[in-house]
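S.K.: Submitted below is the structure of interest, expressed as structure tokens.
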Amino acid sequence: MAASPIFGTWSNFRPRKEPLVISIFISVAANCLYAYVHVPPSHNKYYMLAARALVGFGAGNAAIVRSYIAGATSLQERTGAMANTSASQALGFILGPVFQTCFALIGEKGVTWPAIDLQVNMYTAPVLLGALLGVVNIVLIFAMLREHRVDDSGRQYKSVNFDEASTDVVHDSQESIDQVAVVTTNILFFIILFIFALFETIATPLTMDMYAWTREQAVLYNGIILAALGVEAVIVFMGIKVLSKKTGERVLLLGGLLIILFGFFILLPWGNQFPKIQWEDLHNTSISNKSLGERVLYFWKSSAGNSSEAPTGCPIEQSWCLHTPVIHLAQFLVAAVLIGMGYPACNVMSYTLYSKILGPKPQGIYMGWLTASGSLARILGPVFVSQTYTYLGPRWSFSLVCGMVVLTIVLLGAVYKRLIAFSIRHGRVRE
């Protein structure tokens, strides 16, 4: 969140290779620091925290990538190029956990290289691979990336950066950007990422509470579900490239929000069946005519300090467990498929529209703020849902999300006509 505006501004005034290479170098150095966290005699946790913070700072280069694509493509090419980038990112999210699983086979001990104090084990192998891929990226940038900037019609500009003396920029600066559309798109992007971060965060505790999964089962099964959603996202991104030519970005953005709304509506608890209370599966000798409160208290007393296994089910500390109906597994899976379909469509359409609204000017600063708003959403989403879910339960949590999506759809409808490309707004290109 902090780095995105910095790198975005940098890319506006200097060749984009500079912030790209520096940001990737920061990530490479941070991954190497992580691999050597065991070496210092003390304060190791602070070195680890610094390593993770620097990796996050390096990830601010997403603003540069989007800015480059926006400046290097015409309006007709833009959606397809953005979809390709998003599909590549989704593919990375799919393959990352696969590599992580493979590295687990190395074990905790692994292999030690005493000459350089390097331990290659299940914990350090992923970051060492990340550092290696970063070096490959830097080589590719120097070998293949060329500075390129065109206007919305595809005509090449003389300057690839912001230049006060450039006739291209002087001509463009006479026509203003629609700031209402810019702010609205930032809000839309924030809410879209907020909602998906919320869903990612809640998946594990929700499935543990509703289906009495152990922690290991929840991590495994939700990992499989999220990987499947990644595959679904790639398919959606490829489909968007075709559909956007027929319907336009605004229609797909609205359709994606409606699908997300339907997905969270399905997640609302219905019916008369309740989740299994923690320890019920270990002590199912309750008397049928006891009240629910007495039954739960009985299970709690009889199992406390008596079980060597981790308790499963909905914990008694969450009072809503006693009166909130269970969310069936089929219900959860259908909702996940719908959310996994709507989110990628909304994600790519929001920043594609954003880039078109901004027009042919260098977009680094604006893309930096868009990326920062998405990062802020990924910070606040988990905090919000962890509090509402723990104290209010899934019914209130998902009802609030549904209300949020409805308000987002209303906001989109209010500014729908303003979410058009800069060149169309100023009559340079026909819609």
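Placed from the backbone N, Cα and C atoms, the Cβ positions cover glycine too.
Annotation comment: TrEMBL describes 1-420 as domain 'Major facilitator superfamily (MFS) profile'. Sequence annotations record features per position, and here TrEMBL assigns transmembrane segment to 20-37, 49-69, 90-107, 127-145, 180-199, 219-239, 251-270, 332-354, 366-384, 396-416.
Relative to the rest of the structure, where do these features sit?
M.R.: Sequence-distant contacts of the transmembrane segment (49-69) (same chain, six or more residues past either end, CB-CB distance under 8 Å): 1-8, 10-12, 16, 19-20, 23-27, 29-31, 33-34, 37, 78, 81-82, 85, 351, 355, 362-364, 367-368, 370-372.
Listed by sequence, the residues of this chain that lie at least six past the ends of the transmembrane segment (127-145) yet keep a Cβ under 8 A from its Cβ atoms are 16-17, 20-21, 24-25, 27-28, 31-32, 34-35, 99, 103, 120.
Within the chain carrying the transmembrane segment (219-239), a Cβ under 8 angstroms from the stretch's Cβ atoms is held by residues 83-84, 86-87, 90-91, 93-94, 97-98, 200, 203-204, 207, 213, 333, 336-337, 339-341, 343-345, 348, all 6 or more beyond its ends.
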S.K.: Near the transmembrane segment (251-270), which residues from the same chain, at least 6 beyond its ends, have a CB less than 8 A from one of its CBs?
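M.R.: Those are 188, 195, 240, 243-244, 324-327, 331-332, 334-339, 341-346, 349-350, 353, 393-395, 398-399, 401-402, 405-406, 408-409, 412-413, 416, in sequence order.
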S.K.: Applying the under-8 angstroms CB criterion, which one of 20-37, 180-199, 332-354, 396-416 scores highest with the transmembrane segment (366-384)?
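M.R.: The stretch with the most close Cβ contacts to the transmembrane segment (366-384) is 180-199.
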